């Protein structure tokens, strides 16, 4: 994403400027879909589309051709249903929770049934309504998180009447180690999935997440289910990231100062200035999704220059050592880059000792948000939308 934001541009009272490139999002979707042209390609938009705004993201993906969307909770599904065309199918990964049957049926929400109990609930509701209801059925192929156990699958295979009133859209599972192409679990889960699918003849299979798409044709099946790769995150630990960056984060400077040698910086005085040091305090901290684990190890960037974090990350602010820049380069209102061309999601996640998913979904609501629409110039987008 070639986003040119003036380094003297104030953030309009916000802690910083979060820019979301919807054109790159669309391109990532089309790239992933193009890897398996015989398959459909869904989009995982749970957690407010990984923190980027499910309403805007989902509409962009729908316009790109996506017709299947996955969220985690029923409330996410209901909110999305109000914004998307009736042509879109919305799946709830956490399944059918007690009391949600009426809402799912009335709003055409498709639960992912993860247990015999959930299957019984949905079947009973179908009988009560006197109509067939759609669902996906998830199989636990080795992650031990959600889905029918081998014992439950055996019972279901022997008692197909348990599915009375249910039309199965997909039988599905989730890969635990797809981002590690050589992990033995991938082939093991594939074998279990293939065997499990025989209990549902003629039913389409949904198996591949972002990493799974890159494991090859054996993993593609009827429906792909990417998440992090849509948003520019690396789908695999093997090789360079093939996805376009979707997010850029620039944070405003709120004060600069020069401190003498021996000064203790930040909470606990965990950084000591060994020489006279120029510092800049920026207006974002761990409340804004920049983890405390970045203390004394992470950095911001300015025009290709790394600016190390000096001391501990605070709730609302971070102190940077800006001694590498000419004096006067940064002033109040200047913007430094936290995520962008010089520092990817994976870079900042590595410094924080976490994963790109956690960084992305943790970005707070205090940033000024701008969306670059497909075909829109960055200069126009930088002042076009403020999503809070």
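Glycine residues also receive a Cβ, built from the backbone N, Cα and C atoms like all the rest.
Quick caveat, the model's predicted, so the values are computed rather than measured.
The active site, proton acceptor annotation in Swiss-Prot covers 46 (among others) and is backed by similarity to another entry. For residue 46 (active site, proton acceptor), the same-chain residues that are 6 or more apart in sequence and have a Cβ closer than 8 Å to its Cβ are 70, 71, 72, 73, 76, 93, 227.
The annotation N6-(pyridoxal phosphate)lysine is assigned in Swiss-Prot to 46 on the grounds of similarity to another entry.
The Cβ of residue 315 (substrate binding site) has 11 neighbouring Cβ atoms from other residues within 10 Å, across all protein chains displayed. Residues annotated as substrate binding site in Swiss-Prot: 145, 315.
The active site, proton acceptor annotation in Swiss-Prot covers 267 (among others). All protein chains considered, the CB of residue 267 (active site, proton acceptor) has 14 other CB atoms within 10 Å. In the three-state DSSP classification, residue 267 (active site, proton acceptor) falls within a helix.
Sequence-distant neighbours of residue 145 (substrate binding site) (same chain, six or more apart, CB under 8 Å from its CB) are 174, listed in sequence order.
Rounded to a whole number, the C-alpha distance linking residue 315 (substrate binding site) with residue 267 (active site, proton acceptor) is 11 angstrom. Residue 145 (substrate binding site) falls within neither a helix nor a strand when secondary structure is assigned with DSSP, and so counts as coil.
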